[in-house]
Structures are given as C-alpha cells and as structure tokens.
Amino acid sequence: MAATKKSTATAAHQIIPSQPTSMSADKFLFSCLQVFVLFFEWARSFLLSTQSRLSAVPAENARLEPSKPISEEEESVIEKPASSITPRYSNLVDPSTYNDLGLCSALPLRVHKFAHLADKGALRAQEDWKRLVGPIRNFTGCLSPRFNGIAVAVPECIPERLEIVTYANEFAFLHDDILDNVGKEEGDHENNEMAAGFGSVLNPADNVKMSASGKSQMQAKLILELLAINEPQAMVLLKCWEGLVKGESGSQHFNFQRLDEYLPHRVINLGQTFWFGIITFAMGLTISPDEAEKANNITDPAYATLALANDYFSWEKEYIEFKQNPTSDDMANAIWIIMKEHSVDLEEAKKICQDKIRESCEEYVRRHRQFEREATGKVSTDLLRYLAALEFSISGNVVWSQYTHRYNFHKPAAKENEDTDDEGAKSDDSKTTLNDSTDSTVVDVKTPATSGLLSSANDVLMSRTAKSLVGPILDVQLPELPDKVVLSPSQYVKSLPSKKVRHHAIDALNIWFNVPEAELEVIKEAIDLLHNSSLMLDDIEDDSPLRRGFPSTHVVYGISQTINSANYLYVMALEMTQRLNSPACLNVFIDELKRLHIGQSLDLYWTANVQCPSLEEYLKMVDYKTGGLFQMVAKLMALKSPMAGRVPDLSNMTTLFGRYFQIRDDYQNLMSEEYTNQKGWCEDLDEGKFSLPLIHSLTTKPNVRLQAMLHQRLINGKMTFEMKKLALDHLAETKSLEYTKEMLGYMYTQLQKEVDFLERQTGSENFLLRLLLKRLQV
C-alpha cells in the first residue's frame, strides 16, 4: 500500500496551506480535522486490503458468491489504477469477497455492469463452433462460476461491444486448444489458415486464398460483425490478431533453458498485440502506431505479468495435455522452465513464479504511475486509458483464472478410439498437410539443363544429325514439341497480383453446393484459364499498356504471341471441363463462352463507332461479358453438386453480382487511386469505353464537346491529361459519378437480400459470401 500512503500524503500537503505567523485557532483546528479525515480514510483502505490478504484461501475452497459492488464511499478509499479512466460501465468488487493470492494486491478488481452480455457472447461462439466446425469436448473458455473472463479483464468495454469481444476471445480460446493438441506441422497449418482469413480483409490486393472450412466460416462471421461496429478500430484488431497467429506459426515448443530467454517469446505468444487490439476495440480507443511504440517500454512488465500468471494458473491443464499428447520433449510454460533453470521441485517453482508475478506487477504500476505524471498532456487520452485498462486486465485475469474450469478442472485421459472425435472439432481442411499440396504442383518436374526453348527436342535432333542429315526428314516419330513457348504469356499474366475474387466466390458458393473437392478444383482451374485468356485479349483489344501495375502481356510478348497463348488457354479450359465427365457441363461451358464473346463484340463495336448504348443495352452486355463467368461457375457447381434437386437457383444473384462487379470497376477506374497506380489515370477514357458514368452523362445532358473528345480519342488513340480533366468536369456537372455510386449502393443492398433469401432457402448461413461482398463494398 506504499502507493496509497504516498498519494495521501501528497494530497494532505496540497490541502494544508503554509501557516502564517498569525493563524486563527479556527483555521488551525479545521486544518487538523482535514488531516484526521485523510488519515482515517487511508487507515480504512489499509485494513480492507490487509484483511483481504490475511484471509486468503485457495480459490477452489472459497465461497462462490456473486460479485459484491461496494458503495461510492467505500470505493473512494480503495486505490484506483489511474486517473485516466473514470469508470462508467463497471462496479468495483469488494476485495474481501475474492482472493488474489497477493499477486496484484495494489490493483482493484472491477466487473462489467452488463456481464450477462459477455456470457451471451461466449455461449454464442460455442454454439457457432458446434454448428460450423464440429463437436466441443472438455472445453471451457471465458465462462466461470464466478466471473466471465472478459467482464473482469476489460470491465470498461463499451456495452454494445461486450458480446462480440467475448465471442472473439472465445473463438481464440477454441483455436488455441487445437494448437495445444496437435503437432507443429498441423499447428502451423491451423495458424496459416487463420492468418489467410485476416489477410483476405487486411490485404485484399494480395493473392490470399481463404479456406472454405467451417472455422473460416465462423471467422468470416466474426470479422463481419466487428467491421459493422467500427471498421477502422476493427481493422486494428484484425491486424493485431493476424500478427499473433503469424508469430505463433513455426514457433511452438522451443527448448528454453532460462526464464529470461522464454519470457519475451511467451509475451508474444500470449498475444501482446492481440490484447492491444482487444482493449482498443472494446473501449473504442484510437492509438497511433508511434504512440503504441512509445508505450512498449511501459507495458512490457504488464504483459510479463499476464504471461506468467497465465502459465501459473494453466500449469495443471497444460501438463496433462503434454502427458496425453506429447508433441515435443519440452513444455512452453514458465513453471517448467523454472524447475529446469533452478533445479527445484514443482512447489518451489510455483513460489518462484508467484514472486516473479508480484515483481512484474509492481514494476508495471511503478512505470505506469511515473509515465502518467510525466506524459499527461503530451500524449493522447486514449493511450493513457489503454495503460490504465491494462491494470484492470491484470487483476481480472488473476482472479478469473482461479475460478474458471479452464484451469481448475481437467479432462480425463483420452481413449485411443476417441482420437477421431477430437479431429471432428477441426475443419476438414485441417487434415491437409504441406505434402498434400506440393504433390499436385509441377515444381518437382525435372527440366533439362540446356538453355534452348526446344531443349529436349533439340538434343535429340542434334544427336541424330550427327549420324545423318537425311534421317530426320523421313522420321515420322519425332519428339513432341514442348508447350513452354505457348504457355509463357499466360504464365506471366497469372503471376501478376490478383484479388482472386472468383476463387473466393467459388469457395463461398460451395457452402450451399457441397461440390467434392476434386471436382471443385477442376472448376476453379477451368475458370482461371478462361479468365486469364480474357485478360490477355481484353488488353490487346482495349490497347491497354498496364495490367495490375505491370506491363500488359502483349507489351511484353507481342500481340501475335499473346493472342495465340490466349486461344490455347481456351482449349485447355475445354479440356479441363471434359474432366467433369458431364455433357451438361460441356453445354454450359460452350453456351457461356458464346455469350461472353457476344458481349465483348458489342463493347468493342460501341467503342470503335463512338456509339453510346442505352442503359438496358449496356446492362445486357455486362450480363453476357462480365456476368458470364459467374453464371458459368454457378451452373457448373449446381451440376456437380451431390444435392441433386435441392440446389438453390443462383441466377438472380450471379447476374446482380456480375453487374455490381463491372459497375464497381467503372467507378473505381475514374475515382480510385489504387486503380490509377495499376491501370493508369482514367484509363476507360483513354480506351473510349462506354462505362456507366459516361453513359449516364451523355444521356442525361448530351454534350457536343464530350462527343467530340471521344471522336478525337479514336483518331489519336488516347486522351490527353487536359482532355480527361474536361471529361471529368462534364461528369461532375451531370453528377454521373454520384449516380454510379448510388446505383452500387442499391445493388449492394439487393445482393444482401439475395443472400438472406438463399440462406433461408438452404438453411445454411454463408459468412464467406457476406465477407466477400463486404470487401467489394464501395
């Protein structure tokens, strides 16, 4: 209680004025009375805290009574963590009703006033896991007989966010339990799958493939709910969480010999950045990266306290799991490290660990108080609130850990025949190993060491030429020519950055179709081949010099070679579709390919003849051209679905999605800085393409100058910078860009309604599809 004494003495010094030589007796008595009151308040605080420590008993023997809020008068004499937080959403818990084992006696315990919302979030997460992923056995997360973990660890969470924050933490617990019971390779796979889910939102421009597993479905649902509350703060949490799972991948089970080696690793593994994201999102805080970096030296002992306390209370649970499922000869736990480092038994190691927890807790309180005195007014209030909230996290975690079944009740030894049941709690994708994926690649194919393009064929020809100059002319069994040259342009365009929207769409739709994995991969490959072919041909036909920030394929390989390669991809796509062993699938492939070319022909015709189409003509062209591949995907998946006669009709949704995708592209072409970097500024104007904004402008208010510029573009091959500015001025005058964005909003709303309808029709929620739509929202 040294801190309380100091603060009281300081307060007394501030209240009592310097006594002048002639001071009235009344004033002197009043000052003495003030000192007496302050001393009485301090003494009461000291007795309450001392009583708490002296009466400490093991938590499992303590009474499980409800949280007992104390009066405002009582609260005023108990030391608060900092002046940065004025409690709004929590009650102070009477220290005589719980036991902190003397680990953090300087810190108060608060519990959220709406703790039932935290319980609701934890239970909802467990139900979603059972429904989307698999059975849950011997699991306990945030819930406990006394306190919910989040309700005491983040007691000042904004009430509207408490349920989803607890849901997120429960999901993290479920994921963590998988890691505790699998080997390193499978653990890395689980973490990589989780990281891909976050990466698909954080870095949509990267080629990130999100799994279609049940766990990814649940992750997508969680991400959508977080983004809907506050997108910027949610993105910080997702970035922090991504950093955690990426850091965990490949880092399990190090053979640490000393605690000072282990603790920095454990702090990261515990989720220092993750907890930063949880607190800031929960409390609605915005902290700049620079400020967060400055605070690291302050918060290090806080996270060391949390890490050590977690290891202390979870020792029995982790040791049982270690003995039942040994994935290493070593444990990653502070108790284990201390026993090795100091050659002591378990009880002595626990005492040492307790001392370390107290020391690090006291050090954080000291650093925090000093920082607050020196930095107030120099740093943001949100940073100070975050540092104060960490004190609540420490006391909340210590007390909750003593009551939670997660650490105090342990599952029995697993029977051998129950191994497959444990696997049921993970996604189907979790059984895939790195070896499975590499078997299907061409990396292992050995190529000749020569540099010639016709290497193997030339070697044979040269050897025969040495024997005879006539022989090859009569030889009708010459080696087959390699496809290296014809595929090179297509491999180039395939290597360019891509958002893989079509892949994500296929994975999302398969929530409803359940197409077997092998056939699903065939459909993906066929669609990829068609898409890459159309990209190469489109860039030639539009005379576009850039594709995703790189030179277009025909700029690198020439027009003739690019056309030939694109045509070859059509043949490969047809061959791939044949592997589906379905005449109906071939008919779908041919029909949609014909429609795609009809749509493209009209787009080219309008541009070449500077003929503005009507809105209806434009939309039908989009349905044929852009929507064609989405229609093909849905129809092929419906034909290969094992749910014959029960597959949903997605024609409305795929048509709307194709329109949304194309019109979004029209809008981004004129408005997006990212699009400018990848394709050039207002490239559609250079190409003379009749996009929706241009069609709206010309039909709303016909303009001779704009039409003249389009004709001059046809002559010159592109528009100058100044001409583009003039064109944009006319679009602004007719509010065509505002109209386009408004139409995108209407379509987005209708797409969400289509998803609602299909979810009701199929009885299956589709969070992957909802997340994809969210990523594409303008």
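Yeah, the Cβs are placed from backbone N, Cα and C, and that goes for glycine too.
The secondary structure of ASP176 (Mg(2+) 2 binding site), as reduced to three states from DSSP, is helical. According to Swiss-Prot, the feature Mg(2+) 2 binding site maps to ASP176, ASP180.
Feature annotation from Swiss-Prot assigns substrate binding site to ASP176, ARG266, VAL267, ILE268, ASN269, ASN310, SER314, TRP315, GLU316, LYS317, GLU318, ARG406, TYR407; the stated evidence is similarity to another entry. According to its DSSP assignment, GLU316 (substrate binding site) is helical.
Just so you know, the Cβ of ASP180 (Mg(2+) 2 binding site) picks up 16 other Cβ atoms within 10 Å once every protein chain is counted. The feature Mg(2+) 1 binding site is assigned by Swiss-Prot to ASP176, ASP180.
Summarising the annotation, Swiss-Prot assigns isopentenyl diphosphate binding site to LYS499, ARG502, HIS531, ARG548 and lists similarity to another entry as the type of evidence. Sequence-distant contacts (6 or more apart, same chain, Cβ under 8 Å) of ARG502 (isopentenyl diphosphate binding site) comprise LYS524, ILE527, ASP528, HIS531, LEU629, PHE630, VAL633.
Here Swiss-Prot flags ASP538, ASP542 as Mg(2+) 4 binding site. All protein chains considered, the CB of ASP542 (Mg(2+) 4 binding site) has 18 other CB atoms within 10 Å.
The number of other CB atoms found within 10 A of the CB of ASP538 (Mg(2+) 4 binding site), across every protein chain shown, is 18. Look at Swiss-Prot and you will find ASP538, ASP542 tagged as Mg(2+) 3 binding site.
The Cβ of ARG547 (dimethylallyl diphosphate binding site) has 22 other Cβ atoms within 10 Å, all protein chains considered. Residues annotated as dimethylallyl diphosphate binding site in Swiss-Prot: ARG547, LYS625, THR626, GLN662, ASN669, LYS679, LYS689.
Annotation comment: Swiss-Prot describes 1-414 as region 'Terpene cyclase', evidence class a curator's inference.
According to Swiss-Prot, the feature motif 'NSE/DTE' maps to 310-318, an assignment based on similarity to another entry. Sequence-distant contacts of the motif 'NSE/DTE' (310-318) (same chain, at least 6 residues past either end, Cβ-Cβ under 8 Å): 180, 266, 270, 331, 333-335, 350, 353-354, 357, 397-398, 401-402, 406-408, 410.
For the motif 'DDXXD 2' (538-542), DSSP puts the residue distribution at 4 helix, 0 strand, 1 coil. Among the features that Swiss-Prot reports, motif 'DDXXD 2' is placed at 538-542, with the record citing similarity to another entry.
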Practice item. Give the helix, strand or coil assignment DSSP yields for GLN662 (dimethylallyl diphosphate binding site). Key: helix
Practice item. Among GLU318, LYS499, ASP538, ASP542, ARG548, these being the binding-site residues, pick the one whose CA is nearest to that of LYS625 (dimethylallyl diphosphate binding site). Key: ASP538
Review point. In DSSP terms, helix, strand or coil for TYR407 (substrate binding site)?
Key: helix
Check your understanding: Between the binding-site residues ASP542, THR626, ASN669, LYS689, which lies closest to VAL267 (substrate binding site), Cα to Cα?
Key -> ASN669
**Study point:** Non-local residues, at least 6 beyond the ends, that sit with Cβ under 8 Å of the motif 'DDXXD 2' (538-542)
**Key:** 552-554, 559, 562-563, 600, 604, 687, 689
Point to revise | Those binding-site residues of ASP180, LYS499, ASP538, ARG547, ARG548, THR626 having Cα within 10 angstroms of GLU318 (substrate binding site) | key: ASP180
Exercise for review: Would you kindly give the Cα-Cα distance separating LYS499 (isopentenyl diphosphate binding site) and ASP176 (Mg(2+) 2 binding site), rounded to the nearest Å?
Suggested key: 29
Study note, to complete from the structure: On average, residues of the motif 'NSE/DTE' (310-318) score a pLDDT of 87
**Study point:** Candidate nearest LYS499 (isopentenyl diphosphate binding site) in space, where candidates are the binding-site residues ASP180, SER314, GLU316, ASP538, ASN669 and distance is Cα-Cα
**Key:** ASN669
Exercise for review: Quick one: of the binding-site residues ASP180, SER314, ARG548, which has its CA closest to the CA of THR626 (dimethylallyl diphosphate binding site)?
Suggested key: ARG548
